[in-house]
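According to TrEMBL:
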type	residues	note
ACT_SITE	K195	active site
BINDING	D37, G38, E39, R96, Q97	ATP binding site
BINDING	H131, D171	Mg(2+) binding site
BINDING	R197, D221, D225, T226, G227, G228, T229	D-ribose 5-phosphate binding site
DOMAIN	4-121	domain 'Ribose-phosphate pyrophosphokinase N-terminal'
Amino acid sequence: MPDIKLFAGNATPELAKRISERLYLSLGDATVGRFSDGEIQVQINENVRGSDVFIIQSTCAPTNDNLMELLVMVDALRRASAGRITAVIPYFGYARQDRRVRSARVPITAKVVADFLSSVGVDRVLTCDLHAEQIQGFFDVPVDNVFGSPVLIHDILKKTDLENPIVVSPDIGGVVRARAVAKLLNDTDMAIIDKRRPKANVSQVMHIIGDVAGRDCILVDDMIDTGGTLCKAAEALKERGARRVFAYATHAVFSGSAAKNLASDALDEIVVTDTIPLSPEIKALGKVRVLTLSSMLAEAIRRISNEESISAMFS
């Protein structure tokens, strides 16, 4: 195996530790802190010359701090003559502005972040469940976008008490994802929630396409933000006679009023992964369960370092 070195910022320390354990490696020795004025301080405390370096850092909240940490760490490692630098970004922040709708005067922040990473010297990127897969095309370096769905599906299949389950897409945009999950769940039935979104983070459930009466509903999405959409969806499903509602998502963004929203009785359980750490308020809800993507990400890192196929992991 090549000389792999793993480094981690302050965004996802537990996930980084789990990944390192699965690769039987120690996390690299680096100081990642703050100067007295709040600026980010990074120092690499070991030799990385010629090494195959992986930096594990989600760009979740505080997004700007975590992104800047990643950029400064890349620069420090590049100047220390690292052989190759891969940014492992389990949750890729700023991904939701990936286009200009109707030529509105707005930025394409996903492209801005891609340019930042390329310009400081990242050789490739490993991420998970990008909000829009076309973001890969914003980069001038290779991007591997792996999927959390196998881990989520494995957990669903372990539920032995599911009664006549049905996979539900919370919106039209998630139909492809929901259909893929339904297919892997023995071609189970699927329902779709048609909603209108009057403004950001506010949604109104309009119509449910599919029969959910008396069934266990499995809502699947790439992320949960404020949870407003999810709660309205769960309430609509219960109103239509759903027996139970489980929510599965890769990224637990949980911003703003998420803790209040997710306390809704309409949601029986929420299952997410460890791409973003949970806040104490979310943990206190008692119905949010976390699955780890560490084994999958560790295997992806191993394959990248050994120049093996990533797509073969999901074939």
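All residue numbers here begin at 1 and follow the chain in the order shown.
The backbone N, Cα and C atoms fix where each Cβ goes, glycine too.
Between the binding-site residues D37, D221, D225, the minimum number of other C-beta atoms within 10 Å of a residue's C-beta occurs at D37. Broken down with DSSP, the domain 'Ribose-phosphate pyrophosphokinase N-terminal' (4-121) shows 42 helix, 29 strand, 47 coil. Of all the recorded positions listed here (D37, D171, K195), D171 has the Cα closest to the Cα of D221 (D-ribose 5-phosphate binding site). Rounded to a whole number, the C-alpha distance linking G228 (D-ribose 5-phosphate binding site) with H131 (Mg(2+) binding site) is 18 angstrom.
Per-site Cβ counts within 10 Å over the binding-site residues G38, G227, G228 peak at G227. Here is what falls inside 10 Å of the CA of D171 (Mg(2+) binding site) among the binding-site residues G38, T226, T229: T229. Taking every pair among D37, G38, E39, R96, Q97, the residues recorded as binding ATP, the greatest CA to CA distance is 31 Å.
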